[in-house]
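J.: So that we are looking at the same thing, I have put the structure below in structure tokens.
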Amino acid sequence: MENKNKAEYYSPDDEDRDIDNQENIIHQFGKGRKEREDDKSKPSSPHHKDYMNIDNIEGGAVNVMVKRERSPPEHNSMASSSTHKEQDDQLASAKDEMREVMEENQRLRMHLDRMMKEYRNLQNQFHDIVQKETDQKSSSTTVNTSTTHHDHESDQEADQLVSLSLGRTTSDMKKDDLSKILKKDKVHDDEGVSNNNKSLDLGLDCKFETTPTECSPVNYSPENSLDDIQANKDENEETSNKNLKTMRNNGDGDDVSQQNPTKRARVSVRVRCDAPTMNDGCQWRKYGQKIAKGNPCPRAYYRCTVAPNCPVRKQVQRCAEDMSILITTYEGTHNHTLPLSATAMASTTSAAASMLLSGSSNSSDPNPQVTATTTTTPTTTTSANINGLNFYLSDTSKHHKSPYYFPNSSISASAPNSLPTITLDLTSTSSSSPSSLSHLNRMTQNFPPRYNYNNNNSTTNLNFSSVLESNSLPISWTNNYPNQTYNKK
């Protein structure tokens, strides 16, 4: 009842009095204000508000009640909206990045497709090239097999139906070319041969009379032989001119030009060489070898690789009696331009082969017996060293012989049963006098080379200067016909 009465009579003065009492109490209890200040200094929760209520003041004791009320949810909605906005921005940026990545993937896919297409094209081209190379190798293998078989059979058969010339081919020579050759003979008669440098111009040419003449006495002296050659040269030219006119009138010029290439012959070169092959200036590739009878050294077979379809072949074999001697046998006709380093040997062998084929074509025997052995076999070869090389241009039906002279030579004869072969023996070391050199130079003037490889700036003659310093002429011409011999040691 008392409390109710107090509440009923509670006036503004009483309120002021209560406030003063509170301040006094706070001063008395220092902690009270300090705690209140601390409470004020502490951040209140955003969702609550603090209220202080003082109930009673009894005997200096103060009961302070603090009430907290939850604030309205406006601030929470603002925070959630900002969070949703950030998430939307992140989602949009992620979508943009995914779109860029997809576009990049599309570009990479197109680039990969283009690369794959180019790769397939290159692969197809590679397969085509490999297929072509395989076809070429198979065709070349077939040609090599047939060529090897042909070369093996040619060692046992006597066939004269294939041409031999290691210079430029004369199989397509026309009528004008024949007249040019005859004109060159007259030009060489008027020109002198220079002997200042120690080089040997090696050129051979032969002319034959179709009508038989009486056999003149054989004289091996250099003076008589050279005089006979010079005296008979004009007669030979007149006879050749008459024959050429006859061929033109009868239309047989092409037939004659095509008959000589159908002959078959070989040129064998004997040199002292330590290398497996002789350096003749051409490029060769080995395609086989075999052991021949009577010689323990293998015989190697080579083909010319200067041109893809060149038919020239050569055989290389050591001499059975002297292993330091290398025997190289050439066969075939070059169908390409010769390198400068190969013209010397080619012109030399071409002149020898032309002489051999010309001699066989003027023989009355359509199938003469021929020989193809070297002069090193003592059982089948006989030689007589004389002071000169004698060319016996014979008519086998009437046994007519016309001797021609070359200095420092020998005559050889060998057994038959092989192809006609002319041998160049470069292994002789016999000495020669200055007169022999002059006679040889005169003969090279009388018999010029058929193919001229010389020009004003360079010399491609066959040079034996290292041998000439020792006063020797190591050249051998051997035509192994039974009655025709061209030999020089």
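Note: Cβ is positioned from N, Cα and C throughout, glycine not excepted.
Sequence annotations record features per position, and here Swiss-Prot assigns region 'Disordered' to 1-100, 131-159, 234-267, 356-381, 427-454. Summarising the annotation, Swiss-Prot assigns compositional bias 'Basic and acidic residues' to 32-52, 83-100. According to Swiss-Prot, the feature coiled coil maps to 84-132, an assignment based on sequence analysis. According to Swiss-Prot, the compositional bias 'Low complexity' annotation covers 138-147, 371-381, 427-438. Residues or ranges marked as DNA-binding region by Swiss-Prot: 273-339.
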J.: Mean pLDDT over the coiled coil (84-132): what is the value?
T.: 94
J.: Determine which residues of the chain contact the compositional bias 'Low complexity' (138-147) at the Cβ level, with the cut-off under 8 Å and only residues 6 or more beyond its ends counted.
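T.: Residues 287-288, 303, 313.
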J.: Using DSSP, what's the helix, strand and coil tally for the DNA-binding region (273-339)?
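T.: DSSP classes over the DNA-binding region (273-339) add up to 0 helix, 30 strand, 37 coil.
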J.: Report the DSSP secondary-structure composition of the compositional bias 'Low complexity' (138-147) as helix, strand and coil residue counts.
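T.: Tallied per class, the compositional bias 'Low complexity' (138-147) gives 10 helix, 0 strand, 0 coil.
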J.: Based on DSSP, tally up the residues of the compositional bias 'Basic and acidic residues' (83-100) by helix, strand and coil.
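T.: Residue counts in helix, strand and coil order: 18 helix, 0 strand, 0 coil.
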